[in-house]
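The structure appears below as structure tokens.
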Amino acid sequence: MSWILGTLATATGFAGILSLYRSWRLPAPKPTHWRRLGWILLMLSLIAWLWAQPVEFAVCFALTVPALLAWLWIGWASPDRQPARDTKLEQRTLNWPRLTVLGVQLLKLVISVPMAGFVSALLSFMVTDLLPWEAVNRLVTGVLMMPVFWGLASYWVLADTRLWRPTLALIATGVISAGYLFLL
């Protein structure tokens, strides 16, 4: 019975993806009925997956199967884009950026990768140490939180126009977290 529901969920998810694709490809003014139908079909696909599998597998399947089907559909429906055979590329010299631009980008790399990673590890250790759970649950929570903190910190470093704001916030967060972990 679960394979029937799984097949139904896959077909419903694919129909939802096709409806969303159709609403996206329509010329402006776009009618909303295709978009609504697509989202309703994706919700019905989730419900069918929930009937077919346990919750953790159903959510995983409901998110990944339509995404994989969408990639297959886009690959199949996209036109073949081979370059013309008679085009000849001209040779150009490599333009190196100015040294100041290169230095700023290197500084952003150093702040957003190792520094943000170290601070996010300290912060996740501190947060999980404050939780009143068992050690195993705190470990799992810390492992799941650390990349999220790291990604948020790196995004802030790379998106902010003033580099000193996220840098000072990272330094302050690192000092507070390290002070809590090593001094208390």
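A Cβ is built for glycine as well, from the same backbone N, Cα and C atoms used for every other residue.
The transmembrane segment feature in TrEMBL is assigned to 6-24, 36-52, 58-78, 99-127, 139-158, 163-183.
Contact between the transmembrane segment (99-127) and the transmembrane segment (163-183) is supported: at least 3 Cβ pairs lie under 8 Å, counting only residues 6 or more apart in sequence. Between the transmembrane segment (58-78) and the transmembrane segment (163-183) there are fewer than 3 Cβ pairs closer than 8 Å, counting only pairs 6 or more residues apart in sequence, which means the two stretches are not in contact. Away from its own ends, the transmembrane segment (36-52) comes close to residues 2-3, 5-6, 8-10, 12-13, 15-23, 58-59, 61-62, 65-66 of its chain (Cβ-Cβ under 8 Å, at least six residues beyond either end).
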